[in-house]
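K.L.:
Checked TrEMBL, it gives:
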DOMAIN    1-46  domain 'Fibronectin type-III'
DOMAIN    51-140  domain 'Fibronectin type-III'
DOMAIN    144-244  domain 'Fibronectin type-III'
DOMAIN    313-422  domain 'Fibronectin type-III'
REGION    513-549  region 'Disordered'
């Protein structure tokens with residue numbers, strides 16, 4: 001641009017801290033004129049452009065590392081120093097600066113991996129980092145084993161259990177169990193226990209035998225690494241009595257856990273013991289032995305189950321409602337069955353689709369407008385679940401999984417979105433609700449069907465049999481369900497029938513499907529999923545199906561289906 005008869009321009013894209021020569025010439029239509037004498041100028045310095053090279057790291061002790069690297073030569077005098085960044089696998093980055101090409105990191109965790117990277121810096125900022133490397137502090141002696149327990153297993157033996165140290169400080173090679181009489185001044189007996197017995201989150205156990213009845217013993221355990229023996233665990237004193245009880249327990253398919261020993265106390269009137277801290281709705285096996293001066297008895301076994309069970313799914317869709325693009329599920333319709341529900345999963349797919357989609361709860365606060373009571377068992381969970389971005393006027397399969405300590409309950413429902421105008425659509429076919437929960441709770445209050453077969457005709461034995469024309473109904477022998485398809489929804493037609501293990505359910509051709517209101521508080525229309533497997537209202541009639549081709553119908557309350565597990 002022109003200023004006071006002079007012209008100027010800016011040269012960009014130049015290198016930092018570099019000396020340049022600049023000459024200018026004028027040109028016109030005849031060509032270029034001569035260049036001016038060159039003017040020399042150096043660009044300003046910036047942050048380092050290259051990282052340090054040759055970064056090395058090695059453990060010096062169990063709590064220190066030595067870091068070394070090659071200097072950045074291209075930066076020249078503008079380089080002020082280096083920053084070393086380091087962190088554990090899950091920890092935050094920490095940094096320390098040095099003007100040299102070597103430093104020591106101190107006060108680190110023992111036998112721990114650290115990631116290290118180095119960068120140079122100047123007055124203009126920090127340069128690029130070197131490639132991160134990983135190095136480990138050295139091993140040290142371990143901390144004390146934790147949770148040591150000692151039980152009397154017989155008049156002359158003890159059972160010692162413990163957990164690995166919270167601070168292993170290295171690879172545990174083995175443990176040493178020390179046992180000695182409290183009154184003795186000699187060295188304790190010691191027993192080596194290899195660490196190969198160790199499993200995650202489990203106690204290690206070791207039996208000590210050949211002891212003297214009636215004496216008090218002191219027991220403790222030490223862990224070992226390649227560096228040496230660690231600090232001892234808590235010391236436990238126990239009386240080796242000639243009489244006592246021992247109780248151990250385990251979960252189904254689990255390992256035995258020590259629960260109680262009389263430890264020489266008076267047994268008069270002792271007839272019970274309470275196990276605490278167990279899982280809800282879980283089966284346990286118990287084993288108990290008695291001991292006296294002669295020896296231990298054979299164990300007595302028993303099985304017991306804590307109260308509670310897997311979640312109970314609702315057997316109808318009265319806890320569902322929808323609009324054109326959303327289906328809302330009220331989760332308070334799921335009964336925790338005595339064990340707190342810890343997880344809900346919802347999947348869905350359109351009719352005809354083979355792929356289930358995992359749903360995300362898009363509107364978790366929608367339940368604020370609902371008046372249903374929410375039990376305390378699911379207060380930690382969202383009170384409602386919303387399927388969003390659905391197709392208007394479309395039927396969907398919805399699979400809901402509820403989990404608690406007792407197990408998992410999975411149920412499949414059919415539900416539809418409304419039209420854009422809010423009109424409820426009707427299904428042109430009849431579909432089922434299926435549940436993976438083997439305890440079908442709807443049958444607790446159901447009746448039992450008693451049917452007598454006479455060649456091609458059948459009459460239901462009830463107090464009041466109501467003859468009905470069944471000429472349009474088609475039945476066939478049961479088709480047994482396999483494990484692979486018990487969670488799917490099946491369509492009934494005159495050419496395909498379905499068995500649920502205890503009875504065949506038929507299909508009525510051209511049966512009109514009643515209308516349904518989605519809002520749970522306004523109607524009792526529902527899927528009666530475990531009795532008739534047809535969508536109907538409470539006042540409709542159901543049928544008892546025989547193996548023949550003709551059937552007389554009776555009112556729903558008089559036709560009963562046996563409950564087989």
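Cβ coordinates are placed from backbone N, Cα and C, and glycine is handled just like the others.
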K.L.:
Under DSSP, the domain 'Fibronectin type-III' (144-244) has how many residues in helix, strand and coil?
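P.N.:
In the domain 'Fibronectin type-III' (144-244), the DSSP-based counts are 3 helix, 50 strand, 48 coil.
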K.L.:
Would you list the DSSP helix, strand and coil counts for the residues of the domain 'Fibronectin type-III' (313-422)?
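P.N.:
Computed counts for the domain 'Fibronectin type-III' (313-422) are 10 helix, 44 strand, 56 coil.
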K.L.:
Do you know the DSSP helix, strand and coil residue counts for the domain 'Fibronectin type-III' (1-46)?
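P.N.:
Looking at the domain 'Fibronectin type-III' (1-46) with DSSP, the answer is 0 helix, 16 strand, 30 coil.
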